[in-house]
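Enquirer: Sharing a structure below in structure tokens format, with a few things to ask.
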Amino acid sequence: MSSWCSSEDAHNQSSTPSTRSRKSSWLISKIDENEIDKEVQEMMDDWRRSNEAENHVECIKAALEYCRDKLKELLIDEEDTEMDGKETKTKPINIVSNTEFPEDRDVLGNLVNCLDRQQKAARQQMYFDKIVQLGLERQALQDEAVVSTSSPLDECRAEGHEFVMQPVRGGHNPCCEVCMHTIWRLVQWWRRCRVCGMRAHDKCAEEVKRVCAGVLSTRAKFELNTNLCEERSLAEQEYQCAECTAPICFDGVAEQEARLCDYSGELFCPNCHWNDVWSIPARIVHNLDSTPRPVCRAVKQLLAIIDHRPLIDINESTLSLIKFHKELRRVNELRRNFLLMKCYFVSCRTARRLRILQYLNAHSHFVDNSVMYSPKELRELCDGTLLPDLEQIHTVFRKHIEEECETCAGNGFFCELCDDINVDQKNKILYPFTENTRSCATCLAVYHKKCFERKSLNCPRCERRRKRTEIPKTLSSSDEKEAVRN
């Protein structure tokens, strides 16, 4: 009995793992998601080796034909299987050596058939997805080829606009800003100005009457309007649109509705005013009001182009605003500190190697002056997002100068006007951007504000320099007297 048991155990040990492994392999058998990609990629590599002179678009076309053929084979195989129906049944694989449970064979056979159908359906879906992916890739390459190989004649110029032909593919169908009809991308050629973004049919591009906003913003006499404009009446405009002179009114049909542009104060027709909204620079400057308000298409394109340009002088226009607005005062203080810190970074080899001024890359004009702002920066100031960013950059700059860099720290100052009683205060290193300090306007030496005012604004460093310049004069005068005596 022991031998029988041992042989049975050996039989179970030898047969059970293989049976379990085969069952598990059928139960979890799935198509690898990358299998089709690898198969198509190998086919494309073979095609490139045999067709070296062809371009990538032709290779994608060959891959598309390959995927279509494979998908067609799977569909034909599926149709044949459905026609056979119940007449042809797949024989179940003999998994268990003994035949005590014959009904298990039918169950496993049906399971194999079901998994086989699922695998074929999965492969069909993967080939279909690959066909869609390759088709989109081929269309993108063709569109790029059209744009990149376009000659100067393909660029249409009118009223300063630089209209460039656009590809057929896209997310939505835009509206032509000349004829006001929809641009059906699949059946109509259309162009877009590379400067201001104006869109028009290919046939309408030469009929544009609006001057490009990029041309207006680059003129020598261009100035951003920072004055609040009064609303003009229909009578002042002779009941005409301020741009295209089309008839407008308030009580007529929708096509003649008069729409106000808050930037210029003029009235426009619906073709020239699409109810676009934008923050008005004049309201930001005078009221710190960044609420978007309706503007016409021309103004919207202009404000979008100059949004990052430093065109607004806060010191000249709104001195009272700086006085009563706490955040604006702090921003002006940080900007003055940036200019002082720039002097340290220019003479520091480590700062140049780290390119530490790149932290102000989004505000590059901050290292040139402390008064000019762009409309976008003033809008961020009103929203409360500008000041935290500048505070963070200021902390990084100050940490480099005071703690991390010995070269920058060595260019600090000691207050020479402090009393000997305050030893800790006297031995503290001061910098031009340190709080409660004053700098001499002549030699730029830094002192505590209270000490400098207590000494009647007298700078000991300037006094030493003045004495050193007087010594050669006294020596030269004494030499002249001795020469006269002799």
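The backbone N, Cα and C atoms fix where each Cβ goes, glycine too.
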Enquirer: Taking 160-212, 319-371 as the choices, which stretch does Swiss-Prot tie to zinc finger?
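Expert: Within the set 160-212, 319-371, Swiss-Prot attaches zinc finger to 160-212.
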Enquirer: Tell me which of 1-26, 27-52 corresponds to the region 'Disordered' entry in Swiss-Prot.
Expert: 1-26
Enquirer: Give me the mean pLDDT over the zinc finger (393-459), rounded to a whole number.
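Expert: The predicted confidence over the zinc finger (393-459), as a mean pLDDT, is 84.
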Enquirer: Could you break down the residues of the zinc finger (160-212) into DSSP helix, strand and coil, giving a count for each?
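Expert: The counts are 3 helix, 14 strand, 36 coil.
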